[in-house]
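Structure first, commentary second.
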Amino acid sequence: MASGRRAPRTGLLELRAGTGAGAGGERWQRVLVSLAEDALTVSPADGEPGPEPGAVREPEPAQINGAAEPGAAPPQLPEALLLQRRRVTVRKADAGGLGISIKGGRENKMPILISKIFKGLAADQTEALFVGDAILSVNGEDLSSATHDEAVQALKKTGKEVVLEVKYMKEVSPYFKNSAGGTSVGWDSPPASPLQRQPSSPGPQTRNLSEAKHVPLKMAYVSRRCTPSDPEHRYLEICSADGQDTIFLRAKDEASARSWAGAIQAQINALLPWVKDELQALLAASSPAGSQDIKQIGWLTEQLPSGGTAPTLALLTEKELLLYGGLPQTREALSRPARTAPLIATRLVHSGPSKGSVPYDAELSFALRTGTRHGVDTHLFSVESPQELAAWTRQLVDGCHRAAEGVQEVSTACTWNGRPCNLSVHIDKGFTLWAAEPGAARAVLLRQPFEKLQMSSDDGASLLFLDFGGAEGEIQLDLHSCPKTMVFIIHSFLSAKVTRLGLLA
């Protein structure tokens, strides 16, 4: 696989750093974005995060526990505190991390020093840590000769309870009295689950970036259509395959956003053969009776009933459409999709704009309906480009036809005129009703080819109506469960037969 050492593209963009006060008070930080073969790196650039035009600038978080307002003297600590090592236990909340920034490191010939403590977060709540404290160890791990990066990693990999051994460094504390820099170690990753958001929300908020952030491009999700409230079309969202790393960027104009999205997607696409090979191997290992070929894989943006959206990883095999919240990395994860749609009972009902009221991005959307024993499941998805829409449309239609040709025949128990029967539907032989009374001979009660079928319908509960014309007219079959699966299979057989005859392009 690509090494990621070459950076084919770099440039300055803005990173969404949170929300500020006032209307439209989103805060953006200027960052340097580097696109390599297998990762996207976002690093701080010159300039502080700023609010949207017209918004009220938020004050900087106050440095507490002795780090006073700009120009103030460093904290006055008891003399005994200056002479001893201290052990402080920090209990992290679910969000916010430790709530400190650090400076120093072996490469700077300095100890690891607390340069900022954020008000209200875990470190602040101990009331026992101070700006100017040197961190000597973390949970027993010695940091006395650690580099800056080693210290950051040691702090990040801690659990809910962190034991810090510290010592106050009086001689260096004045250096931090006006400091707003340092490395924040409070970046907590979101949970690995589908990122759901409402139409008014542009996505998960990111805290101020003070160190490089790397997003792996292997099966990453990229979207320029993450929010309808983007009149200038400048927004860009990138999410790692497992949902752990998400960044939300803003380009200078629509052309720049389109260019960056295309370049990032091209790098992701270059890694697809490796992803497909890995998943194919997992699929073969989890299906000892014979594996299915993966026909298509990619991210879709699903329109949720609530009005929001969620990135959904779709994997199309010869028989099924499998939907996941993230990239499955194990056989167990691959065998447990969030949803499964058997292609033989699935129908593409529209691709592109539909009639009537349509949701955001309808021009790049498609809808699927699947017949199940509980009724009809309907899902609406959107993609990022006309090329993606065409590819998914073609693969889904072809997949439904392949599934129909592969299955050939389905059967189900039913009742006809009060008599127990079995209904068999064959793609070539048509419809056959067999007697199913206990002990009775397997007699054929009715046989009709597909060509005689004039109409089919159902009541959505248990009844299937088939009209073959002639003397029989319409027959009514009670399938004893929701008939939608059989209705959709009949449609797939018909569609496959029509396509086989070359009546559709």
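Here the Cβ of each residue, glycine as well, is placed from N, Cα and C on the backbone.
As written in Swiss-Prot, here are the features:
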DOMAIN    87-170  domain 'PDZ'
DOMAIN    293-401  domain 'PH 2'
DOMAIN    449-505  domain 'SU'
MOD_RES   Ser101  phosphoserine
MOD_RES   Ser184  phosphoserine
MOD_RES   Ser189  phosphoserine
MOD_RES   Ser193  phosphoserine
MOD_RES   Ser200  phosphoserine
REGION    1-24  region 'Disordered'
REGION    40-75  region 'Disordered'
REGION    183-212  region 'Disordered'
REGION    483-505  region 'Calmodulin-binding'
Take the Cβ of Ser101 (phosphoserine) and count every other Cβ within 10 Å, whichever protein chain it belongs to.
26
Beyond the flanks of the region 'Calmodulin-binding' (483-505) by 6 or more, those residues with Cβ under 8 Å of it:
343-347, 369-373, 375-376, 400-401, 403-405, 410, 412, 423, 425, 427, 450, 453, 456, 458-464
PLDDT averaged over the residues of the region 'Calmodulin-binding' (483-505):
86
Per DSSP, how many helix, strand and coil residues does the domain 'PH 2' (293-401) have?
26 helix, 50 strand, 33 coil
How many of the residues that make up the domain 'SU' (449-505) does DSSP mark as helix, as strand and as coil?
20 helix, 14 strand, 23 coil
